[in-house]
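Here's a structure for you.
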Amino acid sequence: MRRSPDVSPRRLSDISPQLRQLKYLVVDEAIKEDLKWSRSVEDLTSASVGLTSIEERILRITGYYGYQPWAASYKRDERSRESPAPAEAQMQAGAEGGGRVNRCCWKCSVTQVKKIFWGVAVVLGVCSSWSGSTQLAKLTFKKFDAPFTLTWFATNWNFLFFPLYYLGHVFKSAEKQSPKQRYRECCRFFGDNGLTLKVFFTKAAPFGVLWTLTNYLYLHAIKKINTTDVSVLFCCNKAFVFLLSWIVLRDRFMGVRIVAAIFAIAGIVMMTYADGFHSHSVIGIALVVGSASMSALYKVLFKLLLGSAKFGEAALFLSVLAVFNVLFVTCIPVILYFTKVEYWSSFDIVPWGNLCGFSVLLLTFNILLNFGIAITYPTLISLGIVLSVPVNAVVDHYTSEIVFNSVRVIAIIIIGLGFLLLLLPEEWDVWVIKLLTRLKVRKKEEIPEGNGDIASGLPNKSRRTRPSMSSFAH
C-alpha cells in the first residue's frame, strides 16, 4: 500500500538527508569571538561532531543500502581540502596581497635609489661643467680678450644637440625612425606647418638673440669681477623667473618665493657694497644681473609662446638656435674684429684648446640641464648650479686676490638661501602641516598607551592574588 505523507518514516534511511545536514552545522565566527570565554561554543562544536558520528553509526547498523562510510569520510576530507577555512583563505589572500605590496615597494625603492644615484652624478656633472667653463673662460681672457667671439664660437656647438639626441633615440628606442622622419615629427613642435621661414623668424630668432645676450653678458662680467661673484649673482635668475612668471604667466602666488626674491635683491645690493662702489665692480655686477634677467626672460617667453617641449623637440630647437647664430650673428664678430674692439694679431695666438674646452663644457652643462630630468629629479639638477659657487670660491681663493669680508660672505649666504627657497615645491606648506599633525597624533597615542600599561598592571595583580571561585566548584 502507498504510505501517506503524514505517517512518520519507519526507516532511518528515509531521514538521512536531514541527518546529513547536521554535518554542516557551523558556528558563526563572530559568535565565537563574542562568546570566547564561554563553554557554549565548545559544547556546540562537540555536539555537531558527535551528531555526525552518531549518524554514521545508525546508518551502518540499520544497513542502509548504498551507504559507504569510507566514501563519506573521503568526500568530507576532500571538501575540507578544496574549500579552506575562512581564516586560512584570508591568510592566503593576505599573504598574496602582502607579497604584491612588498614587490611594489621594492620596485619603488629601487627606482628611487636609481634616481638619487643618477641625481648625484648629474649634480656633480652640472657643478663641474658650470664652474669649469667659468674658470676656463677667465683663463682664456688673459690670452684672448674677445668675449663676444667666444660666445659666438660656443653657440655654434649647439648644432650637435639634435644629432646627439638622434643617436640616443637609435640606441634606446624600440621603434627606430630615419633622421628625416624624426626631424619631421619634432618639427610639429613649431606648428602644423612645421619649421617654416615665418616660424623661424617669429619663434626661433628672438630666442637666439636672448641666448647670445645671456652668454655674452655673463662672459663680459667675468672680465670685470671675480668668478665667485659672477656665479653667485647669476643664481638670482631663479628669482627673476618667479617674478616674471607671476606677472606674465599669472602663476600661483607664494609668499616664500617673494621672500626668496627679496633675498636675491638684498644679496645684489650687499655684493655691490662688498668691494665699494668702484666702476669695475658696479659694471660687472650690472652685467651679471643683466645676464640673469635675459636668462629669466628666455625661460618665461619660451613657456608663454612655445609651452613645454619633449626631448627631441628641445634638441631640435637648440640646434635651430645654432643655425640662427651662424646665419645672422656671424657678421658681428667680423665687425668687432675690423673695428679692433675684439682684435687679435694672428690666428696662431688664438688659444683653440681653451675655446674648444669652454665650448665642450658649456655644451655638457646645457645637455645635463635640459635632458637630466629624464633620469633624476629637477631639484637635484638645480642644486648643481648652487654648488658651483663654493667651488669657484675655493679656486678664486688660491688663484686671485679676492677678499672674503663679512659683507661678501653674508651676501653669498643670502642669495644661496633665496635660491634654495625657490626650489621648494608649490605644496610644501601642505606637506609641513601634514607632518606636524602626524607628529602630534603620535605623541597623543604614545601617552595613553603608557598610562594604559600602568593601569592594566594593577587589575592583573589583583586577579592573580584573588582566588577564583571556579577552582572550588568541583
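Just so it is clear, glycine is given a Cβ too, placed from its N, Cα and C backbone atoms.
Pasting the feature list from TrEMBL:
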type	residues	note
TRANSMEM	116-137	transmembrane segment
DOMAIN	118-272	domain 'EamA'
TRANSMEM	157-174	transmembrane segment
TRANSMEM	195-218	transmembrane segment
TRANSMEM	230-249	transmembrane segment
TRANSMEM	256-274	transmembrane segment
TRANSMEM	280-302	transmembrane segment
TRANSMEM	314-337	transmembrane segment
TRANSMEM	375-395	transmembrane segment
TRANSMEM	407-424	transmembrane segment
REGION	452-474	region 'Disordered'
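Help me understand the surroundings of these features in the structure.
Long-range contacts of the transmembrane segment (157-174) within the same chain, counting only residues at least 6 positions beyond its ends with a Cβ under 8 Å from a Cβ of the stretch, are 182-183, 186, 311-312, 314-316, 318-319, 321-323, 325-326, 359-360, 362-363, 366-367, 371.
Counting only same-chain residues 6+ beyond the ends of the transmembrane segment (256-274), those with a CB under 8 A from a CB of the stretch are 229, 232-233, 235-236, 238-240, 242-243, 281-282, 285, 289, 405, 407-408, 410-412, 414-415, 417-419, 421-422, 424, 428.
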What parts of the chain pack near the transmembrane segment (314-337), using Cβ distances under 8 Å and only residues at least 6 beyond its ends?
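Residues packing against the transmembrane segment (314-337) from afar: 146, 148-149, 152, 155-165, 183, 186-187, 189, 195, 200, 204-205, 207-208, 211-212, 306, 343-344, 366, 370-371.
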Six or more residues out from either end of the transmembrane segment (195-218), which same-chain residues have a Cβ under 8 Å from its Cβ atoms?
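Distant contacts of the transmembrane segment (195-218): 147-148, 151-152, 154-155, 187, 230, 234, 287-288, 290-291, 294-295, 297-298, 301-302, 305-306, 317, 320-321, 324-325, 328-329, 362.
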So which residues does the transmembrane segment (407-424) touch in its own chain, when a touch means Cβ under 8 Å and the partner is 6 or more beyond its ends?
228-229, 232-233, 235-236, 238-239, 242, 256-257, 259-264, 266-268, 270-271, 273-275, 379, 382-383, 385-386, 389, 393
